[in-house]
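Here's the structure, in structure tokens; my notes come after.
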Amino acid sequence: MPSDLAKKKAAKKKEAAKARQRPRKGHEENGDVVTEPQVAEKNEANGRETTEVDLLTKELEDFEMKKAAARAVTGVLASHPNSTDVHIINLSLTFHGQELLSDTKLELNSGRRYGLIGLNGIGKSMLLSAIGKREVPIPEHIDIYHLTREMPPSDKTPLHCVMEVDTERAMLEKEAERLAHEDAECEKLMELYERLEELDADKAEMRASRILHGLGFTPAMQRKKLKDFSGGWRMRVALARALFIRPFMLLLDEPTNHLDLDACVWLEEELKTFKRILVLVSHSQDFLNGVCTNIIHMHNKKLKYYTGNYDQYVKTRLELEENQMKRFHWEQDQIAHMKNYIARFGHGSAKLARQAQSKEKTLQKMMASGLTERVVSDKTLSFYFPPCGKIPPPVIMVQNVSFKYTKDGPCIYNNLEFGIDLDTRVALVGPNGAGKSTLLKLLTGELLPTDGMIRKHSHVKIGRYHQHLQEQLDLDLSPLEYMMKCYPEIKEKEEMRKIIGRYGLTGKQQVSPIRNLSDGQKCRVCLAWLAWQNPHMLFLDEPTNHLDIETIDALADAINEFEGGMMLVSHDFRLIQQVAQEIWVCEKQTITKWPGDILAYKEHLKSKLVDEEPQLTKRTHNV
């Protein structure tokens, strides 16, 4: 029988459950009370929107099913079925008949955080999908959560979307409310409450709110409808769900895409505490360094394992490859020497012939035991921005500029005053919504100032790379056809092939329809197109999304060799460190120059997280 204290506790929780079930006359929406008649008026429109969302969701699911059908995976579980470690041998993976992995091993150990790296198009995302859909033999007791796409737009709030993902907790709470409403036996109710306590049910909303806050959602945003957010923000909600559920195996594919630097720093600190199995694909060396305990290199149809973060991987791999090449050259020298000796003395005197036979046996043993292979290096890229010529300063002058999107809307910038020229190398940083992309649009003329003036040199050409540039590509054309169409002055196809080849698109990729290319390859088409605009100023808004690490390094080298000016918006700390000479912070309707480098700014963001934590805990207690 339960104690008196337990009975009182159960009675209290029962009353709270009943209170939650009482109908309300209205609910809060963006700070305003919305009554039931107002809700009813929206039903017809919402019904239409829901139908469209359902159709889009079904299309995405069908697409994923087609991809899965074109994928073939084989492998054998080598670890104990009850183990929390996963060891799979003889792993092979093919997609549309193309072999991505061949007779390799997958080793994922509990408590380790793995960074999965490799060139664009090599099959990293395909491998994550195969693991997430259990196409490899992973024991059932290991639950897997694979973050695949953004949340579809709906009337749900981000907070609700995050909390509903914990299905066991939601089911237990629903059952507890039902029993409380029916005035059921106290013992059964107590069992449910005990299980909910184990799942931190009382703290679930606080934890969900903390995660959303870390990813940039203010308290008001957490209660807005999902359909009012852009795709990037809905992707953050999907990421928050993945973090909230705490699966035993968490699979993240480019989790920092669509995040600002503040959210990247928070996510890095959050993932550092993940104690189960984490596998993430990321193009950010800085992020991989901060999070990962191990690196998996997908290369030459094999998975190769390295202990340590990304920097340690680079060091270890270089040492191993140097030793491998030394061994390779030594073996080749030995083989050449023995073959030469056998050819010269194999038919000589008896003594020399015996020595030749001995060397032939040694050679056969070497060949039978397996020779060291030559190191196959990743293909190196060499991006190129053509010379733009000189124009005298000032190239762009910003004079007392203020901007707001609507007459009654909030002011994004107030009285900006600065100039930029061909020597400018600036990274714009600051939280989402502070106006970084807005500033680039103002400077290009895509947006006009509400007040003030922006003066540009009459001959200046500006090239702006942004996240939606891919949408402007003609997907039915090949990269070669698209570039020939955009730049008809280049008559020879071979010349254009060389141009495109510098951006990592070679052979069949140049003549395949753009729709068949990976996101990273489409980005390269956009970069090639941008470069041959021959701009004086490069405005780069998140250029690293979908690019691999080697491509980002090639882009950084090209920017550093570029004769013109550059303004960059990026969540990649390492790229900023490589190319930016100044850091400008966009915040509170103005722009201020940061006194240090980007690494000092990152430490500043970390210290802000520490300062905000007590305030956040206090605020979420009052939710």
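For all residues, glycine too, the Cβ spot is worked out from N, Cα and C.
What Swiss-Prot lists as region 'Disordered' is 1-51.
The feature compositional bias 'Basic and acidic residues' is assigned by Swiss-Prot to 39-51.
Across all of the domain 'ABC transporter 1' (86-325), the predicted model scores a mean pLDDT of 90. Marked as domain 'ABC transporter 1' by Swiss-Prot: 86-325.
Per Swiss-Prot, the feature ATP 1 binding site maps to Gly118, Leu119, Asn120, Gly121, Ile122, Gly123, Lys124, Ser125; the stated evidence is sequence analysis. Its Cβ placed at the centre, Asn120 (ATP 1 binding site) has 20 other Cβ atoms within 10 Å.
Under the heading phosphothreonine, Swiss-Prot lists Thr218, citing a large-scale study or a structure entry as support. In this view, Thr218 (phosphothreonine) is surrounded by 11 other Cβ atoms within 10 Å of its Cβ, with every protein chain counted.
Look at Swiss-Prot and you will find Lys304 tagged as N6-acetyllysine. Applying an 8 A CB threshold to same-chain residues 6+ apart, the list for Lys304 (N6-acetyllysine) reads Ile296, His297.
Marked as domain 'ABC transporter 2' by Swiss-Prot on the basis of sequence analysis: 396-613.
According to its DSSP assignment, Lys436 (ATP 2 binding site) is helical. What Swiss-Prot records for Gly430, Pro431, Asn432, Gly433, Ala434, Gly435, Lys436, Ser437 is ATP 2 binding site.
The DSSP secondary structure for Ser512 (phosphoserine) is coil. In sequence order, Ser478, Pro479 make up the list of same-chain residues 6 or more apart from Ser512 (phosphoserine) whose Cβ falls under 8 Å from its Cβ. The phosphoserine annotation in Swiss-Prot covers Ser512.
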Length of the line joining the Cα atoms of Lys124 (ATP 1 binding site) and Thr218 (phosphothreonine), in Å: 34
Of the recorded positions listed as Leu119, Asn120, Ile122, Thr218, the one whose CA lies nearest the CA of Gly435 (ATP 2 binding site): Thr218
Cβ neighbour count within 10 Å of Gly121 (ATP 1 binding site): 17
Least surrounded among the binding-site residues, given as Gly118, Gly123, Gly430, Gly433, when other CB atoms within 10 Å are counted: Gly433
Euclidean distance between Cα atoms of Ala434 (ATP 2 binding site) and Gly118 (ATP 1 binding site), Å: 34
CB contacts for Asn432 (ATP 2 binding site) [other CB atoms within 10 A, all chains]: 20
Env. residues of ATP 2 site, Cβ within 8 Å of mean position of Gly430, Pro431, Asn432, Gly433, Ala434, Gly435, Lys436, Ser437 Cβ: Asp260, Thr438, Cys586, Glu587
Which same-chain residues, if any, lie at least 6 apart from Ser437 (ATP 2 binding site) yet have Cβ under 8 Å of it: His466, Asp541, Val569
Those binding-site residues listed as Pro431, Gly435, and which of them has the most Cβ atoms within 10 Å of its own Cβ: Gly435
